[in-house]
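Trainee: Residues or ranges marked as domain 'RNA polymerase beta subunit protrusion' in TrEMBL: 113-485. As annotated by TrEMBL, domain 'RNA polymerase Rpb2' applies to 265-450, 529-592, 631-692, 713-745, 1135-1220. Annotated domain 'DNA-directed RNA polymerase subunit 2 hybrid-binding' per TrEMBL: 760-1133, in sequence order. Taken from TrEMBL, the feature region 'Disordered' applies to 875-903, 1116-1136. As annotated by TrEMBL, compositional bias 'Basic and acidic residues' applies to 878-900.
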């Protein structure tokens, strides 16, 4: 790079240099030249300014001396000056440039997106959902004493506190910060308090602020101290302002609840079963239970099945049982006036006639007789004990509470449920005639995402029911006593049983096992430890979606890229291997909805347009007449309209005005003549700009308000400028990608096309010029890159922490990088790369590194590791202690005690070698004696030190002494290793091109350019043709143009932006470089010019966590496994290198029998065994127990594992006899 260019880049401002001491005309020409060179910036049409404006600008320049002003301030001044003249536009004109719309993205990410959905979901749980749960379980009644009851009148979640004091003394608790919890291995939790009421001496007694339990608090949620904190407060709390939040700290470990993907509840899904038949199913989910109802077509007959039923029931019998309808009414509900559906359905009446069912009573008896024993009653400890009810009661209970349970039955009015099941039957008949009407299970609109709030809500309600059961049994135990001396006080019972809720929540988040007994739900792996390998690894984990689908099944459907994932889920970010396509990631502008109440929507639906009737008031003929559309609210039929288009238009107007929640979705299905309104949680949606009459509703005035912070993203939603569309509603919209695509039919406009990618894929410059698997590889490797994890990383003590010593902001960035602040916490360095074939050490993607660059700090990283111990107290009162330094006869510390201080802890800054003691802990020999009745406890201690067990030396970086929540002293020692790149270390660019270091070459031997530039990395050109990573070439070219011009704004590589080669080539020519990025290089070895010009420039390289120092391993002799006597496995156990089945096959094919024998037996687990030549069984000490003789027993060598196998087979009564071909010499 030219040093003079560097100097100019640092000192000059793009617009300030040519402005001073020039007349207005020259000044404008100079600005035009500057702006025309930058195609990426706003296009500005310059006109001669009025005289008064020119004089104003001159006077402003005189007042503010440019030498003292930062260049950005000058730029801002001219931007403000020229703003009214952009393209001759006025503030009321619609926006039609990319740069203008882009301003909506930072505004959106302030309020929604990325991690905000976790926080919104948790906030909804602690502020709304928890109150609903307690309201549903408000009163606890006592069977022993009917006059006594306990009522929970209110519940509140407090702020996080230390749990050092007794439970009920909330006032004495002290606030606690997240960093304190990390260091003390405690849980960042807040007290949950309830107000209770109960009768005391015949009067309603109220107790306020009784502690129920403690609930883990999500960082940056409404209950966290970091919520709304500015940078100064974050610094006071020892937190990083860029930390995304959205995770929990339990036992000092950061845990994140992964987003869970589920099939949507309370929605009818029509699909083909395994045998090709059509079935409609609905998963009903209520607070009490979850169940699945199927309506199945088998041999032209339609049956209803449910796991509560012994056998499927003909559909006509079910419909008769529900409403006592006549055959004509049933036919009308299912088929309407459509002859083809009537013909198909007619055969089902024969089934009912064959069963002798004609009336509702007969139908109920038929259904009740097929209900499983004890099934429909509510779950409880004694639900199966009572006598069986008569079939009519069983049938009524099953139909009202279990079959299609989410459709509520009020006052035994089964008509809504009848309509629902008839609708399922009609959907099956329609799918038979039109196979396109079969639903796709993998369509994103049929999925719901469960977030932390919903999962905690399920768990909390289950634990609360267990808590109430415990309180109730405590009450009954108290009132059983015949001679009570005091009144019952429920506070003690609440405290004792509330611990179970605290433990249940902590255990679930810590282990990741979500067990909800009433739903029979038992999921594993719901929570994961938050990956802190790099900043982007943590952020990527927050947007990860985990599917419950089995990873081992090789099914393509759920793994395939769905068109409905456009803009909602990242197209590139998914793992390789068995989890491919099952683990997904959210796109940049995706939002996941929380629940919006449906009561307001129902009230609104009834009054929107004329002619809307509630579904209960309509007959079957009216429902299926032409132009009739059934309005569904959250999957349940609610009303009927004859003008669907007018209804949908009016509904959207109400939503755009802010009368209804912005996250309520509406879509029309013409195939099934229905309008679906969704208010439920877990739907995926994203914002779009509204287009009306071919004109974008977003105007320059709106963005001016946004820039001046007089309006927020939320304001634009209420003004009807933007709106959220979910996946189903997108199908009703015509969305333009660019402004030029807008026509009269367009309904919406994309804010930014690159937002179809997620946060991790957004790091890749020019991803649309790469082959798609390469972008997927980078998404995996970007999370493994070593960099900075947070501003407070030196205060944290993590189990394993990698840090790059000199991380750099990428030369070529994307807008996503700025939005997610990756440029502030990067994970990589800008390396000068030359593409050429240099020696043979660069084949197969290996890299050639410059030794001088490594000396100067390229790729240098630090590895921090934690060792921890606690001083435990034992039941007899003895406790662990820290011992002193053990010294030799001369008073010097013994060899292993060299780094210890007088307190028994390592001294920070001391060098550790393998075997050195870091914490001199001593444990009492006697941990059981009580000291009672002469049982005297011993006072002797034995050493149990914490040692450094790694062969490479390290430095003691930090020692922390603290106490845990229970008062146990806790010691942590952090060690530090500084590593420079070595042969075999893994590096990667941002285009999925990974490679190891093949050779490190002296700078003198490397090629140098005519400007004296030598490369940091030499890359083999054969890495480009088959990989097709053109984006990497563009990054190199763009970065080079940005560097030589000293213009950072040249280095933008956003997805879907225009081709950079033309404009960047012109910039390179302006500064005396080749248009195509190639330069003249001279060989450092021979001093002769290279025969070709070499392509070179800066490329951002990531150092990955895979290092030779962590993996290199070999051994000769070493430990063996006790059972098989074979060498142990793994580097940590000093294990051997396994010669596996395939390696064995290679040696057999090669014919190296002696090598096989040596590797698989003599060098592994050879053992001498006595074998009887006559019977072929093993003997013992020269004696055969089977033949009762010593004459035919010989000794032979065989692998011990083979001998073990033979003995295990014999123990299973399988005789294994060996035939000896060679005659062995008899030892005895």
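Using the three backbone atoms N, Cα and C, a Cβ is placed for every residue, glycine included.
Predicted automatically and left uncurated, TrEMBL annotations should be read as such.
Predicted, not measured: the structure shown is a model, and the values here were computed from it.
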Trainee: Would you call the domain 'DNA-directed RNA polymerase subunit 2 hybrid-binding' (760-1133) and the domain 'RNA polymerase Rpb2' (631-692) in contact, using three or more Cβ pairs under 8 Å, pairs 6 or more apart in sequence?
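Mentor: Since fewer than 3 Cβ pairs under 8 Å link them, the domain 'DNA-directed RNA polymerase subunit 2 hybrid-binding' (760-1133) and the domain 'RNA polymerase Rpb2' (631-692) do not come into contact.
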Trainee: Against which stretches of its own chain does the domain 'RNA polymerase Rpb2' (713-745) lie, if we need a Cβ under 8 Å and a gap of at least six residues from its ends?
Mentor: 95-97, 104, 107-108, 110-112, 443-445, 564, 568, 591, 593, 648, 652, 655-658, 662-663, 665-668, 676, 678, 683-691, 693-698, 702, 705-706, 753
Trainee: Could you put numbers on the helix, strand and coil content of the domain 'RNA polymerase Rpb2' (529-592), residue by residue per DSSP?
Mentor: 17 helix, 11 strand, 36 coil
Trainee: Taking 529-592, 631-692, 1135-1220 as candidates, which has the most Cβ pairs under 8 Å with the domain 'RNA polymerase beta subunit protrusion' (113-485)?
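Mentor: Top-ranked stretch among 529-592, 631-692, 1135-1220: 529-592.
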Trainee: Counting Cβ pairs under 8 Å that are 6 or more apart in sequence, does the total for the domain 'RNA polymerase Rpb2' (631-692) and the domain 'RNA polymerase Rpb2' (1135-1220) reach three or more?
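Mentor: No, these stretches are not in contact.
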Trainee: Take the domain 'DNA-directed RNA polymerase subunit 2 hybrid-binding' (760-1133) and average the pLDDT across it for me.
Mentor: 92
